[in-house]
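Written below as structure tokens is the structure these notes are about.
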């Protein structure tokens, strides 16, 4: 602002006229930039800008910062290469092409059966590079790096021991119900009926740590992608958060009214759980320590998996498979009697859904039961419809299902009994790990997101 009292003054460097000065002698908004004294002119301009900023109201400052941000976005957009020129443009997740048109019905003769467990296989995971399968069973053995996918060879076996001897023996002393592998392939976590979580080094097959704290069987484990943060769920109705790299417990979350039977997570700092007979699916927001509750199944919800950051799939013992959006409290799609009906003591009952698996960030799903088949499904109409594709013959309880990262094979953990109990026994079944190749017509687009999540 110009001072109404002090007249204009001449520049000491060149004699040129400048703007009015205030009582402190500082230049006003229109300060003269002296060609003979650049430093003097620069200092006056900086001072003028500073005075302008001081006189700026909060509303004017917000408007200026918003315009500056929009201009930076415009310049960033102009600097990016156009599609087809240089690097290809990234495709948004919601617009990623469907994969089901590329997948052909699997050939039953091409299924490879890997034998090694004496009791039913309860859980399995695939290494991030799709080279190894880690499996566990009711016999208490953990077989890490046991199965090499290409050759089917058994590489490492960790035997179990008697209850109470976990500190002396390397393996578990009770039924292993769940396992998870970190996204960098460094850590493997396993949980058992004896309330214990064991952390393993996948490269050396050595046990690194034992986490205690749950008051009942550990039924679900999942590493947050891109981190070593581990989520665990238990029959004690709680969800716990652990820092595996620091061997530390973080916090406990409560909310379910019955045993938790399944858990999953992706990159966000949240996880989803299946609440057994309380009939709810829950989304846990870890930083806010809050939860969202979803209703849809009529029976015990036994398994749950995230398809992407916005959708998930679950299965229940009422025979239904539900497709959910994380913003809706009711299922987007519900397939009742997904695996048909069975005759149980003269009554018609649906086959239980014992396992679900999505091919991450795609429209392809797999579900398992004990009706001698694994079903493949397509999520169509923007995840609002479930369409059955093919049945893959597989005798026994399908207790665990996992797709490879590339989507070129599906792995099933099969047993003569259900992973959570001994309600039925299928004597014809083989306790095994089954690798099911998925044939593709042409080169299908990768299901992985551009950032690798």
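Just so you know, glycine gets a Cβ as well, placed from its N, Cα and C.
According to TrEMBL:
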- 1-12: compositional bias 'Basic residues' (COMPBIAS)
- 13-29: compositional bias 'Gly residues' (COMPBIAS)
- 1-59: region 'Disordered' (REGION)
- 114-142: repeat 'WD' (REPEAT)
- 169-210: repeat 'WD' (REPEAT)
- 211-252: repeat 'WD' (REPEAT)
- 253-294: repeat 'WD' (REPEAT)
- 294-334: repeat 'WD' (REPEAT)
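Per DSSP, the repeat 'WD' (294-334) is made up of 0 helix, 21 strand, 20 coil. If you take every residue in the repeat 'WD' (294-334) and average the pLDDT, you get 95. Note on the repeat 'WD' (211-252): DSSP counts are 0 helix, 24 strand, 18 coil. Counting residue by residue with DSSP, the repeat 'WD' (114-142) contains 0 helix, 15 strand, 14 coil.
The DSSP breakdown of the repeat 'WD' (169-210) into helical (H, G, I), extended (E, B) and coil residues amounts to 0 helix, 22 strand, 20 coil.
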